[in-house]
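**Student:** Input: one structure, supplied below.
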Amino acid sequence: MSIQDEFSFINQIKPTTVHHEKTLITGIGDDAAVYIPSPNQSQIICTDTLVEEIHFTSQTMSPFQIGYKALAVNISDIAAMGGNPLYYLVSIAIPSSWSEQDLIEIYAGMSELANSHRVDLIGGDTVSSKDSLMITVTVIGETEEGRQLLRSHAKSGDVVFVTGTIGDSSAGLELLLSKGRHGTFNSNEDFLIKRHQYPNPQVKIGRFLSKLKRVSLNDISDGLASESNELAEASQVTITLNANLIPLSKELVSCDSEGAIEKALFGGEDFELVGTMSMDEWESIQQDGRLQNLIKIGTVSSGKPEVLLQLENELITLEKKGYNHFKK
Ligand SMILES: Nc1ncnc2c1ncn2[C@@H]1O[C@H](COP(=O)(O)OP(=O)(O)OP(=O)(O)O)[C@@H](O)[C@H]1O
Ligand SMILES: Cc1ncc(C[n+]2csc(CCOP(=O)(O)O)c2C)c(N)n1
Ligand SMILES: [Mg+2]
Ligand SMILES: [Mg+2]
Ligand SMILES: [Mg+2]
């Protein structure tokens, strides 16, 4: 049975502690939230939605994981701008088949990630839904004025990098769709499933990149092919990726060596970052040990906005193919 009334529900999910006490004037409980933006910072705001049967099913994700991921995908967009997340709002449409306990679990999942990134829940909306559960999270963050990392910042001569292994989430999803989350998995499979259920937004690396001279950046929600094409389009450059350089986890290769590269390119939901910086800056961070976990996967050149993939001795065009809500 769903929640009895939204007012007692809101009271239950209202946070009892606040991370940004000095700047949050009012959070949950009034017509809107009010906060004081920090001086000399630009405000960053983004929103993304998860829908039952599209982004998760009862077989792929627990309520706790749904909450965790709904916030994670949004913090990932703040990371992709080089920002620091501060506040979040949650709008949830609830079908009667979901119990109050399930909903409390969704909020517990969000709250776990929120605490580790020190973000405060400051508002939202609660409505009923006929069929699917839908959860929309909005995150507000900030970055030093003029330091946002835009998709349009790539230039000819740049190095293309990613922040971690790609394709794991897609392999995890495949396992979950075939065996269900209560199935039996070996340790490699378990790693891949966790990569799908608990994305790790790369805020620390985004913040580091925001201190560099010029970085273009995007987070990988729809797959490396799609996100690189977005960088190429926004910057009007050609991106050439080298298939041999794309980092694949040993867990992915051991579970699916044949399909690994396909999953990395077109699978999506990795929530790692892909971006570019000048060769000079790349070499300097490599020399002074500030490279962090960045992995070079290609280069940028002038030319028509497209993505090419060096695959053994072949150079192929990498279409903007990946997850698309309206093309199946
Ligand atoms: N329905 C909409 N109305 C207004 N703006 C939108 C809408 N949908 C997307 N946008 C805007 O379009 C741009 C691209 O959004 P998109 O959702 O593709 O990016 P993303 O969040 O990085 O990707 P993903 O949703 O796959 O995580 C953003 O500026 C976003 O705010
Ligand atoms: C049950 C189930 N089926 C398929 C998928 C795959 N999937 C759904 S949305 C998306 C792209 C990111 O979404 P968005 O573009 O909305 O950010 C991907 C790869 C899934 N997660 N669960
Ligand atoms: Mg979006
Ligand atoms: Mg994004
Ligand atoms: Mg997004």
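Yeah, the Cβs are placed from backbone N, Cα and C, and that goes for glycine too.
Because TrEMBL annotations are produced automatically, they should be read as predictions rather than curated entries.
The shown structure was predicted, so the numbers you read here are calculated from the model rather than taken from an experiment.
According to TrEMBL, the Mg(2+) 4 binding site annotation covers D31, D77. If you look up TrEMBL, you'll see D31, D77, D219 marked as Mg(2+) 3 binding site. What TrEMBL lists as Mg(2+) 1 binding site is T47, D48, D125. Sequence annotations record features per position, and here TrEMBL assigns Mg(2+) 2 binding site to D48, D77. The substrate binding site annotation in TrEMBL covers H55, E269, Y323. As annotated by TrEMBL, ATP binding site applies to Y107, G124, D125, R151, S221. Taken from TrEMBL, the feature Mg(2+) 5 binding site applies to D222. Feature annotation from TrEMBL assigns domain 'PurM-like N-terminal' to 29-142. What TrEMBL records for 155-253 is domain 'PurM-like C-terminal'.
How about a rundown of where these features are and what they're close to?
**Tutor:** Mapped onto three states, the DSSP output places D77 (Mg(2+) 4 binding site) in helix. When Cβ atoms from all protein chains are considered, those within 10 Å of D77 (Mg(2+) 4 binding site) total 23, not counting its own.
Applying an 8 A CB threshold to same-chain residues 6+ apart, the list for D125 (Mg(2+) 1 binding site) reads V90, S91, I92. Under the three-state DSSP scheme, D125 (Mg(2+) 1 binding site) falls in the strand class.
In the three-state DSSP assignment, the secondary structure recorded for H55 (substrate binding site) is coil.
Counting only same-chain residues six or more apart in sequence, the Cβ atoms lying under 8 angstroms from the Cβ of Y107 (ATP binding site) belong to I13, G67, V90. In the three-state DSSP scheme, Y107 (ATP binding site) falls into the helix class.
Taken residue by residue with DSSP, D222 (Mg(2+) 5 binding site) is part of neither helix nor strand, so it is coil.
For the domain 'PurM-like C-terminal' (155-253), the DSSP counts in helix, strand and coil order read 50 helix, 14 strand, 35 coil.
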**Student:** Per DSSP, what is the residue tally for the domain 'PurM-like N-terminal' (29-142) in helix, strand and coil?
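**Tutor:** Within the domain 'PurM-like N-terminal' (29-142) the tally stands at 35 helix, 45 strand, 34 coil.
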**Student:** Closest of the binding-site residues to Y323 (substrate binding site), Cα to Cα, picking from D219, S221, D222?
**Tutor:** D222
**Student:** Of all the binding-site residues given, namely D77, G124, E269, which is spatially nearest to D48 (Mg(2+) 1 binding site) at the Cα level?
**Tutor:** D77
**Student:** If you check the binding-site residues D48, D77, R151, S221 one by one, which have a CB less than 6 Å away from any atom of ligand 5?
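**Tutor:** So the answer is D48, D77, S221.
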